[in-house]
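**Student:** TrEMBL feature annotations, pasted as is:
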BINDING   39, 40, 41, 42, 43, 44, 45, 46, 85, 142, 143, 144, 145  GTP binding site
BINDING   46, 63  Mg(2+) binding site
């Protein structure tokens, strides 16, 4: 093969490499969804979100007002606005609902009867709020690793979820900090509901 042919072959290979690199373009951006996360103080909202963000548990401080975390997943980024769950803050929750595309409600499945009743009332209020009632809900029954934890079936019955949430898109999942695979799977199911809602909006 002549030197000219060799040079042409190398130039053509360079062109193919350049085209592969330049024409491929950046990977498509992951969709982002704005969510609100609510639940009583002690339900574990902050710890669960921090674990999903791979933050050190030593730096976890209970949320007193509100905080925002960008929680990354392979197919989406969830911008989660977590609201403090103290008695004097819960009455202001509704001020932060606007712009939400989905809801995460965290409850302590091993809590006292009084706290469980308070969580039930707050969830009922959220499910019926005008700004949230059409949104997908992920309800996390946290602290399943504790001996006193109620089962998902017990919680579903106690919270009257079947009649209350009829016609809504909701997921009730058990979780704990010790089972991150289950927690991530719960969020993946929520992302699927968010994507379905996006597709419906496009069809409309």
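Every residue gets a Cβ built from N, Cα and C, even glycine.
Just so you know, TrEMBL annotations never went through curation; they're auto-generated.
So that I understand the layout, could you describe where these features sit and how close they are to other parts?
**Tutor:** Around the Cβ of residue 85 (GTP binding site), a 10 Å sphere holds 25 further Cβ atoms from the protein chains shown.
Around the Cβ of residue 63 (Mg(2+) binding site), the same chain contributes 45, 46, 82, 83, 84, 85, each under 8 angstroms and 6 or more positions distant in sequence.
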**Student:** Within 10 Å of the Cβ of residue 39 (GTP binding site), how many other Cβ atoms can be counted across all chains shown?
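**Tutor:** Neighbour count, Cβ to Cβ under the 10 Å cut-off: 27.
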**Student:** Tell me which of the binding-site residues 45, 143 sits in the most Cβ-dense spot, judged by other Cβ atoms within 10 Å.
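**Tutor:** Sorting the candidates by Cβ neighbours within 10 Å, the top entry is 45.
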**Student:** Measuring Cα to Cα across 39, 40, 41, 42, 43, 44, 45, 46, 85, 142, 143, 144, 145, which the record gives as the GTP binders, how far apart are the two most distant ones in Å?
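**Tutor:** If we measure all Cα pairs in 39, 40, 41, 42, 43, 44, 45, 46, 85, 142, 143, 144, 145, the largest is 22 Å.
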